[in-house]
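Enquirer: Can you read through this structure? Questions will come right after.
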Amino acid sequence: MAGLKRRVPLHSLRYFISMVGLFSKPGLLPWYARNPPGWSQLFLGTVCKGDFTRVIATKCQKGQKSQKKPSHLGPLDGSWQERLADVVTPLWRLSYEEQLKVKFAAQKKILQRLESYIQMLNGVSVTTAVPKSERLSCLLHPIIPSPVINGYRNKSTFSVNRGPDGNPKTVGFYLGTWRDGNVVCVQSNHLKNIPEKHSQVAQYYEVFLRQSPLEPCLVFHEGGYWRELTVRTNSQGHTMAIITFHPQKLSQEELHVQKEIVKEFFIRGPGAACGLTSLYFQESTMTRCSHQQSPYQLLFGEPYIFEELLSLKIRISPDAFFQINTAGAEMLYRTVGELTGVNSDTILLDICCGTGVIGLSLAQHTSRVLGIELLEQAVEDARWTAAFNGITNSEFHTGQAEKILPGLLKSKEDGQSIVAVVNPARAGLHYKVIQAIRNFRAIHTLVFVSCKLHGESTRNVIELCCPPDPAKKLLGEPFVLQQAVPVDLFPHTPHCELVLLFTR
């Protein structure tokens, strides 16, 4: 009924989050762009139940018939390369202009559903709300395109497993699922988002593996040694390679021999063609582990790579987070800086700060920058970057934001103006971080950056904007979503950064 006001209990939040999940439910994408060839109107109108990337790949393969899972994989050919491209870069068949239309439509639909739910939580009639731009209460800006469309990744991680020809020493990306037992590792040199240098290093690592007497570690309990390869590059062309190795029961002497062999291969052997700036080796018995859990061992070269961004020289350690599209990151960080509205009286709180680029780029415009980051190496990089660039009004703290933030805020006076910037991982922010932000009255402006606004990130936004809830210890006034800016850092994929400005 028109004008009906109703409050939605917060316990129904789980249902809403399941409905707003990116590319996971029918009708989420409006697809108002021109229909790509081979995509049916039914598909375009109901996108899309199930896995988005799989549906995209299927619909884009015009005229291809479905095939049963082969009893043997056979040689590598164009079909394997296309299948991998459809999984890793499902929008690769569209022009970049069409890709941007798809992404903008998706972000708009997510915001519409999110706003509608928040309005109901606050007892506002959705039918009488006055929109600012096309059914949205917040101002949705046009999507900012990536300055670089192809080969934009500055970091790639390659797996090792059986290729289409059955060779277990194949380096690339996975097709299939472990559940179905049909995982195939396909070389990635044809993917549009991978730079040639990354593919070159991966190819030479494959050459090395195939001449090594040691087997790869495909499944932990089955033994094997050689594991994944990570390649990092900067805009100057410097290249860092990180090889992960399962030590099994090798002695330190035996491990030393293997490190010397791989080092020799990339310095004086065939791998010298890669021109690596540095080579790291990490012994790991876990799927993934940090430098603190298992130190990265520098076999040769420089311990860091450096990047120039926003007039800063930035140091990047092997496991430090840095946006994978450097040129796009500059657009993203400029957008964040503009939305913060900081001035010389402002304290900038940079939560999940990584190497500290956002805070440090705004340091000259603020009274102080306070950064919080989980990874010690990233914090060390941020401190180095601050010192090298002559920035003296910043401090960075290592640890979990939910443990550090409450104490950090208590030490500040209520009269100080604080602007918070959060750029969490896809898992979102811990609920105690949300509590601390909501309950600290001096935070009037919050900029939230999300590369995938669903799941916990959606819950974060809703708990920032919902009415005070003593049961959840959300006592402060709610934030209001004012502006949203999509920034494309991931051409050829459905992903997109979304920068949200909240005030109260």
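Quick reminder: no glycine exception, Cβ is built from N, Cα and C everywhere.
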Enquirer: According to Swiss-Prot, E373, N423 bind S-adenosyl-L-methionine; which one of Q323, Q364, Q435 is listed for that same site?
Expert: Q323
Enquirer: Measuring Cα to Cα, how many Å separate Q323 (S-adenosyl-L-methionine binding site) from C451 (active site, nucleophile)?
Expert: 11
Enquirer: Let me know the largest Cα to Cα distance in Å among the S-adenosyl-L-methionine-binding residues Q323, E373, N423, as an integer.
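Expert: Across Q323, E373, N423, the widest Cα separation comes out at 15 Å.
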Enquirer: Tell me the Cα distance separating C451 (active site, nucleophile) from E373 (S-adenosyl-L-methionine binding site), rounded to the nearest angstrom.
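Expert: About 18 Å separate the Cα atoms of these two residues.
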Enquirer: Using the recorded S-adenosyl-L-methionine site (Q323, E373, N423) as reference, state which further residues of the same chain have their Cβ within 8 Å of the centre of those residues' Cβ atoms, listed in sequence order.
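Expert: Those within range, site residues removed, are F321, F322, C352, C353, G354, T355, V357, I358.
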